[in-house]
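Enquirer: Dropping a structure here in C-alpha cells format, bear with me for questions.
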Amino acid sequence: MWKFNMTWRPQYRSSKYRHVFGKPATKENCYDGVPITSSVHDNHLCAVNPRFIAVITECAGGGAFLVLSINHTGKVDPHHPKVSGHRSNVLDIKWNPFNDFSIASCSEDTTVKIWDIPEHGVVKNITVPWKELQGHSRRVGLIEWHPTANNIIFSTGYDYQVLVWKLDVPEQVIKNPVRSISVHSDVVLSMSFNTDGSRLATSCKDKKIRVIDPRSGVLLQESNCKTHKASKVLFLGNLKMLLSTGNSHWNHRQIALWDQDLSQSSYSENLDGSSGVLFPFYDPDTHMLYIAGKGDGNIRYYEISPEKPYVHYLTEYRSLLPQKGMGVMPKRGLDVCSCEIFRFYKLVTTKSLVEPLSMIVPRRSESYQEDIYPMTAGNRAAVTAEQWIAGLDKGPVMMSLRPGSELDSSAEHPRGQPGLSPLIQERLDGSPTSTDEDSSSTSHVSNGQLDSTHCSPPGTENELRQVFYKQQEDIRRLKEQLHQKDVRIKQLELEIKNVRNSERS
C-alpha cells in the first residue's frame, strides 16, 4: 500500500477586505421619483459630495441636472428646481473636489459651465453660471477636475480636442484655454489622472490608451494592443499601473492591467459576454477595485497588489436592479462608525430611483477602525492654478477620517482669493456673517457625517448607542493621550534635573 505523508491545504490569501459586503439603502433612504436622463452616453450621469447629489435629468427645451441635499431622501418633488442653463443635453457633471458648492457640467451645446450652488440647496431654477467655457467646436462629452491644483479643469469633446482651462480669471465667459491637446484621432472615452496630476491617461474610440503630460500636452506613451479594445482607463493610485476595461478580440467584456510604458498588458481577464460598458472605480486607500457594468445589477470587486498576480478577486454584489450610471461619495463623506469603506449611488431608470449602496467591512467593534481608514486625500488644493501652470506638481493634501478630526467642511477657497464667484465671495467676506456662520466654517466628522449643525440627532436606540460608544472610545483615547503626555513630562523633568546636577558637580 502506498502512503503519502502530505496534507493538502487550501491556499488562502490573507486580506482584511475578504468579507466586504454591499448593503443597499432602505427605500426611505433612497431618492425616489428622480427623472433620470434617457441619454445613451456612457458616463456616470451622477456626481456626489458630502453635501449634495447631482443627477443629469430630462428637461424640455434644453439640458438640465438636478441637485438635491444629500439628506433629501424619499420622494422627490417632480417640480423640484433644476440647474438648467444649457441649450442642449447635459452629458457629464463633476463636483469641484475643493469646493462643495461648485459643480461643472458639459453639454451637446459645445460649452462647459461652472455653477454656484447655494448653501441651502437649489430652491429655484438656476440658469446663469459662474463661468462659461467656450472653445470646443462640437459637443463636449467629458470633464475632469485636476486632482491637486485649484481652479484647473479639463474638457474633451467630439472635436477630438482636450482643453485645459484656468478658472480664476475675471472674465465670466472664457474663450481661450490654457492648453489645447491634439493627440487623439477620435473621440476620447475617458480621462484619468495619477495621484499628483502630473500624468493624464485617456482611452479613445480608436481603441488606444495614451499617457499625456497634461501641462505641455506632449504624448508620452501609447498602447498598440490588438487584442484589447479599451473603453475606460484608470490610474491605480501610486502603484504605477493603469487599468482599462473594454472588449476582447471575441467581444467578451474584459479588464486589463498595464505598466505605465503601455508596451503590453501585464494582466487581462475576460469577465462575460454582456454588451454594457464596464465602469471601473479604484480606492487607493484600500487598493480595492470595483467593476460595475452598465445595465447590470451586479458589482464585482477585487484587491490590487503590486506583485503578481496583481488582481485578486474578492466577491460580487448582486442585485436585480440594473444600474444606468453610478455616483461615488468621496471618502470624507463615509460613515466610519459602521466600517463603510466605499459608497455608490446607483441610477435605476426602471424605477426612477437613486439607490445608495454601502460597501461594509464586517467588524464586531463599533469603535473607529484605524487599519481600514488610512490618511486620505482631503478637500484642500495642494497648489494654485498659477503654481501648477508654472510647473509645480504636488501630491494631495491628506486628512484623517477619525471622528473628531477637524475638517474644512465648507471646502471653500481662502478668503479674498481672486476668481471666486460673487455668491461664495459674499458668503466669505459679507458683513452679515454671524458667529454661527463663523463657527460652521470648520466642523467635526461624526459617524462619517458632518456634526449636529448639519444633521439631525440620533433617531433610534441603535444610533444613540453608536454615538455613546463613539464618545466612550474618544474619552478613552483622550485619557490615554493625557497619560502619555504626563509620562513624557516626568521624563523631561528628570532629564533636566540630571543635567543641572551634572553642571553643579
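Here the Cβ of each residue, glycine as well, is placed from N, Cα and C on the backbone.
Not my notes, these are from TrEMBL:
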- 475-502: coiled coil (COILED)
- 430-446: compositional bias 'Low complexity' (COMPBIAS)
- 10-74: domain 'DUF1899' (DOMAIN)
- 400-463: region 'Disordered' (REGION)
- 83-125: repeat 'WD' (REPEAT)
- 133-175: repeat 'WD' (REPEAT)
- 181-222: repeat 'WD' (REPEAT)
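So where do these features actually land, and what's packed around them?
Expert: Using a Cβ-Cβ cut-off under 8 Å and counting only residues 6 or more beyond its ends in the same chain, the repeat 'WD' (83-125) has close neighbours at 37, 39, 41, 43-52, 54, 56, 59, 62-69, 72, 131-134, 136-145, 147, 150, 153, 155, 157, 165, 167, 330, 379-381, 410-413, 421, 423-424, 427.
A mean pLDDT of 96 is what the model gives for the repeat 'WD' (133-175).
Outside the repeat 'WD' (181-222) by six or more residues, the chain places 42, 141-142, 144, 146-149, 154, 156, 158, 160-164, 229-235, 237-238, 242, 244, 246, 258, 260-262, 284, 382, 388-389, 391, 393-396 with a CB less than 8 A from a CB of the stretch.
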